[in-house]
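According to Swiss-Prot, the feature ATP binding site maps to Gly36, Pro37, Ser38, Gly39, Cys40, Gly41, Lys42, Ser43, an assignment based on sequence analysis. The domain 'ABC transporter' annotation in Swiss-Prot covers 4-233 and is backed by sequence analysis.
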Amino acid sequence: MASVQLRNVTKAWGDVVVSKDINLEIQDGEFVVFVGPSGCGKSTLLRMIAGLETVTSGDLFIGDTRMNDVPPAERGIGMVFQSYALYPHLSVAENMSFGLKLAGAKKEVINQRVTQVAEVLQLAHLLERNRKALSGGQRPGVAIRTLVAEPRVFLLDEPLSNLDAALRVQMRIEISRLHKRLGRTMIYVTHDQVEAMTLADKIVVLDAGRVAQVGKPLELYHYPADRFVAGFIGSPKMNFLPVKVTATAIEQVQVELPNRQQVWLPVDSAHVQVGANMSLGIRPEHLLPSDIAD
């Protein structure tokens, strides 16, 4: 296992900056999910950790080693791509052992690791099948063949995006079980915030190449750092009302609603000014019919 640290990491292509001054610390054994809308830079960030993209500036560490100039094959990472990248002419066993054969591993070692990983992934009965004989739910399991290389860090780039809703739910459960069983550091990329909420120990919300907020799923849900996070995390989404601050007290703020009604809200008033125009965020489950509300 290994921790992953990004210190002031920036990625740019010419004048186009796609990741801006990223600072993250991922602990040994954590399941961390990068989430955000399309184009926010989450896959680019994952590819920099993998070594498939260079770091323009800043420092990337896996464990105690600075990895900026270390080739991908020497980083101790295993990556699962959205496309699965299964060789159609090879059996499941041959797909799983391909990387070890390229690395020159002994046949006994290859056979032992393939057998062990097949048991973990519940694929032992499929080892002789080729790709076209696998169902849609079996292919993602084979794609996690990177386990045979015993990586310190797993990187998963939207591995379930090609599946239907029912299979996605099933595979989420399997990936969660796999993480608990192995205890390895996992970094998972998705644009699906429901997937992020159900899988992650910690979520990194990205917006336009910057880190908008880092925290546990319920922390982001109940205490979003800004309006973007508040509107992105949660299904259904948070509702917003324009309000005006009319008074403040210790740990309370009074606001005027669009219908001119004034209400006190139990929120931090330290950085709120009377007269400021703000947005009031309301989750659907926080609303009650007036005849039963306090």
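Even glycines carry a Cβ here, placed using N, Cα and C.
Using a 10 Å radius centred on the Cβ of Lys42 (ATP binding site) and all shown protein chains, the other Cβ atoms total 26.
Compared over the binding-site residues Gly36, Pro37, Gly39, Gly41, the count of CB atoms lying within 10 A of a residue's CB peaks at Gly36. Annotation for Ser38 (ATP binding site): spatial neighbours His191, criterion Cβ-Cβ under 8 Å with sequence separation of six or more.
Taking a C-beta cut-off of under 8 Å and a sequence gap of six or more, Ser43 (ATP binding site) has these contacts in its own chain: Asp157, Glu158, Val189. Look at Pro37 (ATP binding site): DSSP puts it in coil. Cβ proximity to the ATP site centre (mean Cβ of Gly36, Pro37, Ser38, Gly39, Cys40, Gly41, Lys42, Ser43, cutoff 8 Å) flags the following additional same-chain residues: His191, Leu206. Remark: Cys40 (ATP binding site) has Leu206, Asp207, Ala208, Gly209 as non-local neighbours, by Cβ distance under 8 Å and separation of at least 6 in sequence. Computed over the domain 'ABC transporter' (4-233), the whole-number mean pLDDT of the model equals 86.
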